Amino acid sequence: MNIKILKILVGGLFFLSLNAHLWGKQDNSFLGIGERAYKSGNYSKAASYFKKACNDGVSEGCTQLGIIYENGQGTRIDYKKALEYYKTACQADDREGCFGLGGLYDEGLGTAQNYQEAIDAYAKACVLKHPESCYNLGIIYDRKIKGNAAQAVTYYQKSCNFDMAKGCYILGTAYEKGFLEVKQSNHKAVIYYLKACRLNEGQACRALGSLFENGDAGLDEDFEVAFDYLQKACALNNSGGCASLGSMYMLGRYVKKDPQKAFNYFKQACDMGSAVSCSRMGFMYSQGDTVSKDLRKALDNYERGCDMGDEVGCFALAGMYYNMKDKENAIMIYDKGCKLGMKQACENLTKLRGY
């Protein structure tokens, strides 16, 4: 889950922000010794010294203990102990402790799920300028407690102000689509997408590419700018960016036609979960113009696309099964393509069923 992954990263890097070196001298406080033990992977020793620090009123030690117990580092996972230590740290105004506490209430770990308690903890951390907590408040008001769109926008904005790329991206999407009760504005969408893309949010770079490609950014169409943003999106492992580049090279749209480059981008996108790109690879293998003709690979890639919800992939896959005299699988896959909204799949399904 995203919150837990984020906390593991926080745990791994936490000591870096707490380094208490002075004039090159080693920090021999309980916290300092604990940090060095944690860094070296000696979690039992780290926990021992973090506990001493926590007992001495050093809130960072309490937070680090919470992280250790939550993630089961050198000990079994114990969410109740994690909750206890996060709560102690948060009461001492430690923002990471409040963030950890909010996460446990948010997820219902070690306690009953309680959005109000999560909100209280995240809100305190947000006031203490913790970007992820502001963002998580936005998520709660946006997706978990309905009817709070204005609050969601407020906290997404705070997270964006603290350079949380995902918060900026969501605001960009809200303004582009008119979500969260904001007035639709491509101009504002571009502003938020630009910041998110600068902060290496691939989805935002992809969105910018689309806006500039289609001339929807309040500016004239600018294919060079669109191409640059799509390249950045792809480099940031955004499947949509890679898929769009593949389409450009396949069709020779705004760039010199290059089927091999198209195939390479489709493969990248497919491996990142782009259903359409998997289906396009299937087509290229079935034709054999760019890569060696390989019907087995064509079938496999159509199947990947279909499994991920691409109706064209399902239609092509069903056709291959039909040509292989496998009527049962052809019917099953045409049925799936039909349910995904492909009219021709519905027509073929009716013919095969004989009614």
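Glycine is no exception: its Cβ is also placed from the backbone N, Cα and C atoms.
Per Swiss-Prot, disulfide bond is recorded for C54-C62, C90-C98, C126-C134, C160-C168, C197-C205, C234-C242, C270-C278, C306-C314, C338-C346. Residues or ranges marked as repeat 'TPR 1' in Swiss-Prot: 27-60. The repeat 'TPR 2' annotation in Swiss-Prot covers 63-96. The repeat 'TPR 4' annotation in Swiss-Prot covers 132-166. For 276-311, the entry in Swiss-Prot reads repeat 'TPR 7'.
Everything Swiss-Prot records as a feature, shown here on the structure.
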{"residue": "C62", "record": "disulfide bond", "Cβ neighbours (10 Å)": "27"}
{"residue": "C98", "record": "disulfide bond", "Cβ neighbours (10 Å)": "28"}
{"residue": "C126", "record": "disulfide bond", "Cβ neighbours (10 Å)": "26"}
{"residue": "C160", "record": "disulfide bond", "Cβ neighbours (10 Å)": "25"}
{"residue": "C168", "record": "disulfide bond", "Cβ neighbours (10 Å)": "27"}
{"residue": "C197", "record": "disulfide bond", "Cβ neighbours (10 Å)": "26"}
{"residue": "C205", "record": "disulfide bond", "Cβ neighbours (10 Å)": "27"}
{"residue": "C242", "record": "disulfide bond", "Cβ neighbours (10 Å)": "29"}
{"residue": "C278", "record": "disulfide bond", "Cβ neighbours (10 Å)": "26"}
{"residue": "C314", "record": "disulfide bond", "Cβ neighbours (10 Å)": "28"}
**OP:** Provide the number of Cβ atoms within 10 Å of the Cβ of C54 (disulfide bond), excluding the reference atom itself.
**Re:** 24
Subject >> Averaged pLDDT score, the repeat 'TPR 4' (132-166) >> reply: 98
Subject >> Other C-beta atoms that fall within 10 angstroms of the C-beta of C134 (disulfide bond) >> reply: 25
Subject >> C98 (disulfide bond): nearby disulfide-bonded residues from C54, C126, C168, Cα cut-off 10 Å >> reply: C126
**OP:** Please determine which of the disulfide-bonded residues listed here (C90, C270, C338) has the lowest count of neighbouring CB atoms within 10 Å.
**Re:** C338
Subject >> Euclidean distance between Cα atoms of C242 (disulfide bond) and C270 (disulfide bond), Å >> reply: 9
**OP:** Please compare the disulfide-bonded residues C234, C306, C346 by how many other CB atoms fall within 10 Å of each one's CB, and tell me which has the fewest.
**Re:** C346
Subject >> Whole-number Å value for how far C234 (disulfide bond) lies from C205 (disulfide bond) (Cα to Cα) >> reply: 9
Original post:
In Å, rounded, how far does the Cα of C54 (disulfide bond) sit from the Cα of C134 (disulfide bond)?
Top reply: 26
Original post:
From the Cα of C160 (disulfide bond) across to the Cα of C126 (disulfide bond), what is the distance in angstrom?
Top reply: 12
Subject >> the repeat 'TPR 2' (63-96) - residue tally per DSSP class, helix then strand then coil >> reply: 24 helix, 0 strand, 10 coil
